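S.K.: If you scroll down you'll find the structure; I have some questions about it.
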Amino acid sequence: MAFRFHIAAAILALVFTIVHASDPSPLQDFCVAVPDANAVFVNGKICKDPKLVEAEDFFFPGLNEPGSTSNPLGSNVTTVNVNQIPGLNTLGVSLARIDFAPYGLNPPHTHPRATEILVVLEGTLLVGFVTSNPGMNMKNKLFTKVLNPGDVFLFPEGLIHFQFNKGHSNAVAFAGLSSQNPGVITIANAVFGSKPPISRDVLTKAFQVDKNVVKYLQSQFWRDNHYYP
């Protein structure tokens, strides 16, 4: 009986830890990040001495300026996270501006550490996300919507999502993310553009296509449409 109690307690403790996993909560007014290229930290960054903190540590200029969309995707994501504003460290929030040329695409991707909420300022965007793998004999469900200026859409944490400018003019959107450093995994880049490449035998079986198709996709020059000021 005691053994079962300890097992149940261990499981509950594990579940509690997973459910409450998130960016670290601040234990003081702020923890302005100090860049350190020689160290890797489990979560967050070293704090600057509060006596040395300046207004510039909480400031980022120029997000009113459009990013360059002169790339094959026709889109540009300007990120504003803890690497751009050190004062975001431990605060669990960040921002991005997304610019689209006509028919520009922010391709299917995920943010492994953040939920995203998107608001459209200009243009018409087709957006959507796909659920995680469901039960037996069920398919991943797509939720999609056409957004116009002033419309807001939510992408749950970790799920694959995209935004596509279906209009004839430029489009602009802003996104808020629930992490100081949300991360991004662009699906096509990760699967077909990794170094070293994933085995073609693996990808041929996974995608159920001819090996020459995989070879062609791996030979493409995969691009990152993210701009990190």
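Quick reminder: no glycine exception, Cβ is built from N, Cα and C everywhere.
Remember, predicted model here, so these are calculated numbers, not experimental data.
The annotation oxalate binding site is assigned in TrEMBL to ASN106, HIS111, GLU116. Residues or ranges marked as Mn(2+) binding site in TrEMBL: HIS109, HIS111, GLU116, HIS161. According to TrEMBL, the disulfide bond annotation covers CYS31-CYS47. According to TrEMBL, the domain 'Cupin type-1' annotation covers 61-215. Per TrEMBL, signal peptide is recorded for 1-21.
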S.K.: How many Å lie between the Cα of HIS109 (Mn(2+) binding site) and the Cα of GLU116 (oxalate binding site)?
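M.R.: Each residue's Cα considered, HIS109 (Mn(2+) binding site) and GLU116 (oxalate binding site) end up 12 Å apart.
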S.K.: Quick check: with HIS109, HIS111, GLU116, HIS161 left out, which same-chain residues have Cβ atoms within 8 Å of the centroid of the Mn(2+) site Cβ atoms?
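M.R.: Neighbours found: THR110, ALA114, PHE129, PHE155, LEU159, ILE160, PRO182, VAL184.
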S.K.: Measure from the Cα of ASN106 (oxalate binding site) to the Cα of every one of the recorded positions CYS31, CYS47, HIS161, then give the nearest.
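M.R.: Its closest listed neighbour, by Cα, is HIS161.
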S.K.: Between CYS31, CYS47, which of the disulfide-bonded residues has the fewest other CB atoms within 10 angstroms in the structure shown?
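M.R.: Selected from the disulfide-bonded residues CYS31, CYS47 on minimum Cβ neighbours within 10 Å: CYS47.
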S.K.: Taking the Cα atoms as reference points, how far is HIS161 (Mn(2+) binding site) from HIS111 (oxalate binding site) in Å?
M.R.: 9
S.K.: Distance check, please: Cα of GLU116 (oxalate binding site) against Cα of CYS47 (disulfide bond), rounded to an integer number of angstrom.
M.R.: 26
S.K.: Could you state the CA-to-CA distance between CYS31 (disulfide bond) and HIS111 (oxalate binding site) to the nearest Å?
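M.R.: So the Cα of HIS111 (oxalate binding site) lies 23 Å away from that of CYS31 (disulfide bond).
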S.K.: Give the number of CB atoms, excluding that of HIS111 (oxalate binding site) itself, located within 10 Å of its CB.
M.R.: 24
S.K.: Among the binding-site residues ASN106, GLU116, HIS161, which residue has the largest number of other Cβ atoms within 10 Å of its own Cβ?
M.R.: ASN106
S.K.: CYS47 (disulfide bond) to HIS111 (oxalate binding site): how many Å between their Cα atoms?
M.R.: 25
